[in-house]
Amino acid sequence: MSTLDLFEGLQTPTQAIESLAQQACVLRGFALPFVEALLPALDSICAAAPFRHMVTPGGFSMSVALTNCGRLGWTSDRSGYRYSAIDPTTEQPWPALPTSFLALATAAADAAGFPDFVPDACLINRYQPGARMSLHQDKDERDYAWPIISVSLGIPATFLFGGHHRADKAQRVPLFHGDVVVWGGEDRLRYHGVAPIREALHSVLGAQRINLTFRKAG
Ligand code: MD6
Ligand code: FE
């Protein structure tokens, strides 16, 4: 065990794990001990790769603003969704995955029963009040054996966690600053989304919700 592991273990005692499905759960407050390290790293990423509203293949501008860090970044335009090593806005590689991001993602995956997870992509989404994400599956990654790790920061959201068909009734899961949702295995391809964000103010992040989703994309 490294000193970093020991530190994390001390910072996150007995974990509140809420099951959403066989291989999906919410780790309440799991990210809180990491936040102080995450926020300055997030500022550097957003300075190098600014938030932008991507356009869907259908021609709509997404209400959520997006950027990425890691070797691969998720992008969308009229020709489709894909992962790319180059940010189409800056024409530069995406900023590297900060150590604090990596430590949080691997610790959360471990806690949820997915050892050995090493993400190569982190989508960073900014939701301002009114922004939403409609039900979708995350299926642009190469290997669905790896889970999705989703970290909520800032103002609250209602996460919609559905089934394997778009029409399946979705659970409504309130998510708060510091919560982490993990889904993998048989639940990896479940439909999910975010209900329209309500007006609110977070003491540190103001009137926004930042969501980090970690994937092994390549
Ligand atoms: C969330 N986000 O914001 C869940 N998926 O809680 C997502 O499911 C998601 O933000 C694909 C791309 C971006 C996302
Ligand atoms: Fe998603």
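A Cβ is built for glycine as well, from the same backbone N, Cα and C atoms used for every other residue.
His192 is the residue from His53, His192, His202 that TrEMBL records in the Fe cation site together with His136, Asp138.
Spatially, by CA atoms, the binding-site residues Tyr81, Asn125, Tyr127, Arg166 include one closest to His136 (Fe cation binding site), and that is Arg166. DSSP classifies Arg166 (substrate binding site) as coil under the three-state reduction. Separating the Cα atoms of Asn125 (2-oxoglutarate binding site) and Trp74 (substrate binding site) is a whole-number distance of 11 Å. Between the C-alpha atoms of Ile210 (2-oxoglutarate binding site) and Trp74 (substrate binding site), the distance comes to 16 Å. Under 6 Å, Cβ to nearest atom of ligand 2: this is the test, and of the binding-site residues Arg82, Asp138, Ile210 it is passed by Asp138. Contact annotation for binding-site residues (Tyr83, Asn125, Tyr127, Asp138, His192, Leu212) versus ligand 1: Asn125, Asp138, His192, each with CB under 6 Å from a ligand atom.
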